[in-house]
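Written below as structure tokens is the structure these notes are about.
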Amino acid sequence: MMDAREALKKQSAERALRYVEEGTVVGVGTGSTVKYFIEGLADFRDRIEGAVSSSEQSTALLKQIGIPVLDLNATGTLPLYVDGADECDPHRRLIKGGGAALTREKIIAACSQRFVCVIDGAKQVDILGGFPLPVEVIPMARSYVARQLVALGGQPVWRDGVTTDNGNAILDVHNLRIVDPVALEKAINQIVGVVTVGLFAARAADVVIVDGKERG
Ligand SMILES: O=C(CO)[C@H](O)[C@H](O)COP(=O)(O)O
């Protein structure tokens, strides 16, 4: 039987199906919450043009249910992107990347008109940073970037054994209390060797669905 938290994730994901418009291409995130969204998309198979996927994992799921997976370079701007998050603050700013798909997720978010974020209530926080902040780095720059992240006040830990879909490494930065997410996103983006930081602050979500309901 599905536990209570999974049920809440599923409710959020299913609610997001209301935002899918016929004849369009849908941006699809990654993770256990989005998996329910993908399952629900099966009913739209014949009514959407296809999906742009943020990971090999989501691509496999989309293909399993017969949804064409399209190249973002061929689709242009997307009307909708649906994805989960690891943390969400009251301004719809997010920490993402628990599933190591942050780079492709951020690219799709940037290319989308509406970013609908689907979470369960446990992921709502006042200040981001309780969840270790994922940073995707070029492998040879890992130690250098880690030292720069220490200088910014964090405690980076290498996600040993994980290689992203782009062939890179992940550092999870602990002990951050992120009072200015836009400034920190900018600062980390400027470190040489960083591919992407999992702070989605400059481009936050547009709609947040928590436990099956839109948050006001
Ligand atoms: O950012 C992500 C993957 O890179 C996911 O959206 C995030 O980790 C949430 O995942 P889940 O829905 O499994 O809790």
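In case you wondered, yes, glycine gets a Cβ from its N, Cα and C as well.
For G98 (substrate binding site), the count of additional Cβ atoms within 10 Å of its Cβ stands at 21 [all protein chains shown]. G98 (substrate binding site) falls outside any helix or strand according to DSSP and counts as coil. The substrate binding site annotation in TrEMBL covers T30, G31, S32, T33, D83, G84, A85, D86, K96, G97, G98, G99, K123.
Neighbour list (E105 (active site, proton acceptor), Cβ cut-off 8 Å, at least 6 residues apart, same chain): G29, T30, S54, S55, D83, K96, G97. Annotated active site, proton acceptor per TrEMBL: E105, in sequence order.
T30, G98 are the binding-site residues among T30, G98, K123 whose C-beta comes within less than 6 Å of an atom of ligand 1, given in sequence order. Each of the binding-site residues T30, S32 was scored by how many other Cβ atoms lie within 10 Å of its Cβ, and the smallest score goes to S32. Ranked by Cβ neighbours within 10 A across all protein chains shown, the binding-site residues K96, K123 are led by K96.
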